[in-house]
Amino acid sequence: MKCHYEALGVRRDASEEELKKAYRKLALKWHPDKNLDNAAEAAEQFKLIQAAYDVLSDPQERAWYDNHREALLKGGLDGEYQDDSLDLLHYFTVTCYSGYGDDEKGFYTVYRNVFEMIAKEELESALEEDMEDFPTFGDSQSDYDTVVHPFYAYWQSFCTQKNFAWKEEYDTRQASNRWEKRAMEKENKKIRDKARKEKNELVRQLVAFIRKRDRRVQAHRKLVEEQNAEKARKAEAMRRQQKLKQAKLAEQYREQSWMAVADLEKELREMEAQYEKQFGDGSGEDEAEDQELRDGQDGKDSDEAEDAELYDGLYCPACDKSFKTEKAMRNHEKSKKHREMVALLKQQLEEEEANFSGPQTDENSLNANSEEEMEDAPKQKLSRKQKKKKQKPAQNYDDNFNENGIGEGVKIDPEDTNLNQNSAKESEDSLQENVGVTETVELCDDPKTEAKSVSKPKGKKAKDTKKSVRVPAEPQTMSDVLISCTTCHSEFPSRNKLFDHLKATGHARAPSSSTSLNSVTNSRNKKEKRKNR
């Protein structure tokens, strides 16, 4: 049987256009009508050309033919196939060659011919795009790097290009349906893969058998061992030299000054002293705290000592701020905000002095109270009600006095300045019985001075001022108070004495005095309720 590709004169990877052109050309050449002189031969050749084109023009027929081409050419698929490939089992013995020379029966000549035949069979089975160059075995004088090593590198991983289609058991063209055809193809594929694997293993085993007896490989292995031994000796000698060199360097080594720990500690202490001198004795505070903890001193004493050191000369009472350096303190004193706070604090102190100081208060007590208030003022906050009470205490008293038309003939007694709640209740009960008693409280300062409104900053500054400045809300202390009877003008040191006098004499019928006393006591009771809130 002749190959279809050879009958059409095309390659095995020819396209449909190439097949069509080749078929038309050969059909015109071998058509019987154009070969009347040799009609029989032309008719036979024309049948082969037509049969080849019928198979190769159909994609499915062409694929099946490509898979079974070798089996069809060598006997068909009916079991009559004769495999004429080289039997490699005969070359697994030492009797197939004699000696390691380059003669006809020598080791290198025999196995060189074997691998050339295997390469030829592979080229016949492979497609043109899969064809590759097979490295040759060489001879006894071949170089290891250029011939021997490439040969064994390729053939030790050899994979055949044969498809072993003649090993198939089923003809897929005889299948009745596609499921049966797929099952046949699956079984045939298993058989082909098994045969291909056996072929690859057989060739690789032959390569291993030859390599073990190849004297070129043995000579190269010996050379490599000698080179490795020489490298090991050189490496050992170099290691010893390096070790001796390191030992000499260790003997000559001297610690540098900058590596000494003692010098580092000394330098660290100097740096700490410098920072302590520049930024204050912060480290001294830590040492003092540690010492106090070790000695078991009281925590309050240590806090007071720290506060005294912290606020000693570097504290602004107006702004309630502390500073680490004098320079920062001076910069703060020059700021606009500090000046505003100082001015506001002075105004607050003046108001407090005007509201709470009595006529007999000496300058020493006034200065002491002012200093205490300056220290406490930034830390306190005022509510809206307290601010109103602070601004208009004297005005309420003046209004009460002016409404009732009294106050000119009332005398002030210095003994009864602080009134308790019991006396207030008694006076309220007695006033309900129409007791005619007048009581007038006069403050030390001029009412005009008290009535003046203090200028305050507006906007955000006013809010900051309210937050930073806080005036203690204390009950207003009255100056000396004198209690007398409006009927007989008798003076009494206390209310109890006055009440006894009124009950005994019946002088509690004066209608004009009850109104004024009610207004005074009512205003005082309102203030007491506000303070109790």
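Every residue, even glycine, has its Cβ placed from backbone N, Cα and C.
Since this is a predicted model, take the numbers as computed values, not measurements.
Marked as domain 'J' by Swiss-Prot on the basis of sequence analysis: 3-70. Residues or ranges marked as region 'Disordered' in Swiss-Prot: 278-311, 327-473, 503-533. The phosphoserine annotation in Swiss-Prot covers Ser283, Ser302, Ser370, Ser512 and is backed by similarity to another entry. Look at Swiss-Prot and you will find 291-302 tagged as compositional bias 'Basic and acidic residues'. The feature zinc finger is assigned by Swiss-Prot to 315-339, 484-508. Marked as compositional bias 'Polar residues' by Swiss-Prot: 357-369, 393-403. Marked as compositional bias 'Basic residues' by Swiss-Prot: 381-392, 455-464, 524-533. Per Swiss-Prot, the feature compositional bias 'Low complexity' maps to 512-523.
Broken down by DSSP into helix, strand and coil, the domain 'J' (3-70) contains 54 helix, 0 strand, 14 coil. Mapped onto DSSP helix, strand and coil, the zinc finger (484-508) counts 11 helix, 4 strand, 10 coil. Note on the domain 'J' (3-70): mean pLDDT across this stretch is 84.
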